[in-house]
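Student: As annotated in TrEMBL:
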{"type": "SIGNAL", "residues": "1-26", "note": "signal peptide"}
{"type": "DOMAIN", "residues": "55-172", "note": "domain 'FZ'"}
{"type": "DISULFID", "residues": "60-121", "note": "disulfide bond"}
{"type": "DISULFID", "residues": "68-114", "note": "disulfide bond"}
{"type": "DISULFID", "residues": "135-159", "note": "disulfide bond"}
{"type": "DOMAIN", "residues": "243-565", "note": "domain 'G-protein coupled receptors family 2 profile 2'"}
{"type": "TRANSMEM", "residues": "244-269", "note": "transmembrane segment"}
{"type": "TRANSMEM", "residues": "281-303", "note": "transmembrane segment"}
{"type": "TRANSMEM", "residues": "323-350", "note": "transmembrane segment"}
{"type": "TRANSMEM", "residues": "362-387", "note": "transmembrane segment"}
{"type": "TRANSMEM", "residues": "407-433", "note": "transmembrane segment"}
{"type": "TRANSMEM", "residues": "491-516", "note": "transmembrane segment"}
{"type": "TRANSMEM", "residues": "542-564", "note": "transmembrane segment"}
């Protein structure tokens, strides 16, 4: 009978396993401390009294056993469950099963062996045994291999001696095809493993609440995962991180406030310049004035406002946090709705050639839409108790403890608004290209077209060309020396840059919201913190919160660009020095 290379390799591996197993058992019989102990009397407790674990002289060491170095942890606890006091003893004995691991009789064999011979270090300071379901999965896959070579299943691997799945134990990642039958008492479950040294990629279903996060009034939920009676403490960020964030948010919020106030006061000083579509920008500036104030308060008062009894506020119990949440949430929504209305009025003016007066007739509906919708969703969020403090340096808002609500009450609605606004913006830009072509054709016939041509609705209503004249860098007393097409191209460039900047800041804001709204998923912002107690890494969460702050304020910093012109400077000069100043 012929054997292929794979079958021959398998036979050699199993033969080596049988030989090494026989030699080790013979050697163990004469060498105490190297496996000579009768493992059948090893008792795997149920770990009800965790307080005693730290009194048994347990210690943690870096994993040095080669077979277990690729496990999802880097430290092991000694003595282990097999009674070994050193990793040298444990490694010597577990190595006899290396050949069995090599033939891959069960994908869970390695984690089963390592949980016995090199258990992970944890906050309980005692090794956790493998669950009975894990043992049975390994036995179902590997026992027949041992029996083929006349070796019985080891007594100290007797699965009846391991705890059930409802005890604190190690389940491992068991493939569905080798799970116990449905309805079995030992069916596989995702029981939490309170690990202290698991890496970034540790599986979310293996997470448990860290001891300093435990609080019955809090919970953390993510898509498919939830930690009950668990919440971030106020100490989730270091004082240095909070100080850095406070300075960054304070500076950005101050720039936003100054830029927005300048835009609003410019409109007050010269209201004749701000007809629709320009008037929508003024309302956006009003929103960012409020947001700037909210973020300045959050930057320098977040610790007092967002903390209660050592934990981040959850629910509308704090009056100051609830009030700050309402203003921030309301103004964030209002600013995005007004951007949609700005894009809509651009489209009406450029695409459908509506005049400013015709658009202004619908201003009541614009206000009802912007302020009314924002007020409704804000009151609904507060009524449902979705208030949450900010752990870093921002105002109270939806965050990691309300991740599902953050998606449905902020992220998804903002995505819808951005999509709708982008559609109107693109349609309006096509209209701008059409008007630009008409201006160029008119310029070849009449050299003074920039002063006389209007593309508007019936009745000679103010059109987009009149809107363009407001943004020329000249005073009203000076005639324009630019060609009409060149002036309109500058207007198109300003609209394009302005809108693209809003889209970029909004996309960055949505990216931050996505990470914050999926805190327990693979790569989530809380995985490096909860998944590792001794090497907690909060950098991802820190960065995402900073991106959220800056992106939500970024567009407000650019508002001043829209109104900053020579005509604006002259308006402010007349307001400060008096109306007699003409020079």
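Just so it is clear, glycine is given a Cβ too, placed from its N, Cα and C backbone atoms.
A description of the local structural setting of each listed feature is requested, covering burial, neighbours and distances.
Tutor: On the 0 to 100 pLDDT scale, the domain 'FZ' (55-172) averages 83 in this prediction.
Around residue 60 (disulfide bond), taking its Cβ as the centre, 17 other Cβ atoms fall within 10 Å, counting all chains.
For residue 159 (disulfide bond), applying a Cβ distance below 8 Å and a minimum sequence separation of six or more within one chain yields 132, 135, 136, 139.
Beyond the ends of the transmembrane segment (362-387), by six or more residues, the same chain brings 276, 279-280, 283, 313-316, 318, 321-322, 325-326, 329-331, 333-334, 337-338, 341, 396, 398, 402, 405, 409, 413 to within a C-beta distance below 8 angstroms of the stretch.
For the transmembrane segment (491-516), the residues of the chain that approach it from at least six positions outside its boundaries are 336, 339, 343, 346, 399-400, 403, 406-407, 410-411, 414-415, 418, 422, 425, 428-429, 432-433, 436, 467-468, 471, 524-525, 540-541, 544-545, 547-548, 550-552, 554-555, 558, 561-562, judged by C-beta separation under 8 angstroms.
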Student: In the domain 'FZ' (55-172), how many residues does DSSP put in helix, strand and coil?
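Tutor: Once the DSSP states are binned, the domain 'FZ' (55-172) shows 52 helix, 12 strand, 54 coil.
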Student: Could you give the residue numbers and ranges of same-chain residues that sit at least 6 residues beyond the transmembrane segment (244-269) on either side and whose C-beta is under 8 angstroms from one of its C-beta atoms?
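Tutor: Contacts of the transmembrane segment (244-269) (Cβ under 8 Å, skipping residues fewer than 6 from its ends): 237, 279, 281-282, 285-286, 288-289, 291-293, 295-296, 298-300, 302, 392-394, 542, 545-546, 549-550, 553-554, 556-560, 562-563, 568, 571-572, 575.
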Student: In whole Å, how far does the CA atom of residue 68 (disulfide bond) lie from that of residue 121 (disulfide bond)?
Tutor: 13
Student: For the C-alpha pair, I'd like the distance in angstrom between residue 114 (disulfide bond) and residue 60 (disulfide bond), rounded off.
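Tutor: The Cα atom of residue 114 (disulfide bond) is 15 Å away from the Cα atom of residue 60 (disulfide bond).
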Student: Please report the number of other Cβ atoms within 10 Å of the Cβ of residue 68 (disulfide bond).
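Tutor: Result for residue 68 (disulfide bond): 23 other Cβ atoms within 10 Å.
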Student: Tally every other Cβ atom lying within 10 Å of the Cβ atom of residue 135 (disulfide bond).
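Tutor: Counting Cβ neighbours of residue 135 (disulfide bond) within 10 Å gives 24.
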